[in-house]
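These notes concern the structure reproduced below.
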């Protein structure tokens with residue numbers, strides 16, 4: 001007997017394709033800022049730790065600027081997450097809500113975990129100057145503030161994974177048990193690698209903004225394009241040297257761009273390996289859907305893979321001449337295509353996995369309203 005409730009006359013007050021498109025668009029907007037938030041928190045802590053270990057002010061300056069950007073990104077991530085979560089509840093009611101009830105305590109803990117993470121990251125940010133003489137205490141604040149943003153994605157991976165496996169509902173009794181179901185850890189690690197990929201954009205964006213500002217101040221330019229933003233790098237580097245790389249000095253834009261490229265490049269290679277692990281830990285029937293079984297699904301997978309290759313090409317080409325504006329534009333476009341393709345593939349994986357439990361004509365498990 002199927003554990004999925006079939007006696008609920010639930011109807012969707014609108015077009016299923018329309019809500020599906022909204023779900024993909026809303027998820028893409030949400031996940032971009034989630035990736036930037038998680039990576040920003042981790043990068044701030046790691047970069048500050050490296051800065052103190054090497055006694056290099058460039059790392060400390062970059063860590064502080066990344067943390068400032070993360071304060072904005074985390075708020076946008078939460079706000080933009082409301083729409084896709086509601087749309088999942090509408091389109092997949094009978095599949096989404098049972099796992100949230102089975103893991104009710106853990107699911108509700110997302111609220112206080114996010115609140116705790118917000119408060120600790122704010123404490124980490126606003127104690128930056130005060131605790132520079134006590135770096136260990138300051139880094140501890142950063143680590144404690146980052147942990148909730150590492151735990152919450154695991155909760156979502158488990159719940160969304162369990163939603164696709166109704167056959168496991170009756171035997172699931174705890175979150176820890178569900179954490180070790182097949183594909184959970186590969187999917188989680190794949191997500192974490194994606195955060196590092198996007199995290200590399202933060203130093204590049206910071207470098208581009210600084211060069212644009214330096215170019216305006218130096219040449220009296222009121223507006224510059226990314227391609228014309230290179231002129232300020234020497235000015236920034238000179239200021240960096242004069243201040244000894246302290247927190248009040250200008251950041252070396254070329255160095256910051258190279259730092260971001262290293263994060264993105266290494267993470268992309270790890271992402272490719274983990275992506276293959278995720279692919280080959282899927283059930284054969286699902287995997288085959290994306291390897292020629294369905295033209296649309298295979299196309300989405302191929303587009304995502306091609307965009308990853310393009311992103312790697314951008315990173316490789318920028319190694320010797322890292323121009324922040326050009327790198328930010330080209331890498332940003334490639335990674336946006338990756339996210340869009342993977343969001344579409346993710347939706348198709350979900351529909352294929354739940355298809356045995358619902359009518360073929362209603363892949364979302366719902367009934368369209370009048």
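In case you wondered, yes, glycine gets a Cβ from its N, Cα and C as well.
Residues or ranges marked as transmembrane segment by TrEMBL: 20-46 (among others).
The feature transmembrane segment is assigned by TrEMBL to 75-95 (among others).
Positions annotated as transmembrane segment by TrEMBL: 101-124 (among others).
Per TrEMBL, transmembrane segment is recorded for 136-163 (among others).
The transmembrane segment feature in TrEMBL is assigned to 188-208 (among others). Long-range contacts of the transmembrane segment (188-208) within its own chain (CB-CB distance under 8 A, at least 6 residues past either end) are made by residues 32, 34-36, 38-40, 42-43, 62, 65-66, 69-70, 150, 153-154, 157, 226, 229, 251, 253-254, 256-257, 259-268, 270-271, 274-275, 277-278, 311, 324-325, 327-328, 331-332, 335.
The transmembrane segment annotation in TrEMBL covers 263-282 (among others).
Residues or ranges marked as transmembrane segment in TrEMBL: 294-318 (among others).
Summarising the annotation, TrEMBL assigns transmembrane segment to 330-349 (among others).
Between the transmembrane segment (136-163) and the transmembrane segment (263-282) there are fewer than 3 Cβ pairs closer than 8 Å, counting only residues 6 or more apart in sequence, so the two stretches are not in contact.
Outside the transmembrane segment (263-282), and at least 6 residues removed from its termini, the chain residues within Cβ reach (under 8 Å) are 43, 182-183, 186-187, 189-190, 193-194, 196-201, 203, 290, 308, 311-312, 315-316, 331, 349. For the transmembrane segment (294-318), the residues of the chain that approach it from at least six positions outside its boundaries are 197, 257, 261, 264-265, 268-269, 271-272, 326-327, 330-331, 334-335, 337-338, 341-342, 344-345, 348, 352, judged by C-beta separation under 8 angstroms. Using a Cβ-Cβ cut-off under 8 Å and counting only residues 6 or more beyond its ends in the same chain, the transmembrane segment (20-46) has close neighbours at 63-64, 66-67, 69-70, 73-74, 76-77, 80-81, 83-84, 87-88, 91, 117, 121, 124, 139, 142-143, 145-146, 149-150, 153, 192, 194-203, 263, 336, 339-340, 343-344, 346-347, 364.
For the transmembrane segment (101-124), the residues of the chain that approach it from at least six positions outside its boundaries are 41, 44, 67, 70-71, 74, 78, 138, 141-142, 144-149, 151-152, 155-156, 158-159, 162, 169, 172, 174-175, 178, judged by C-beta separation under 8 angstroms.
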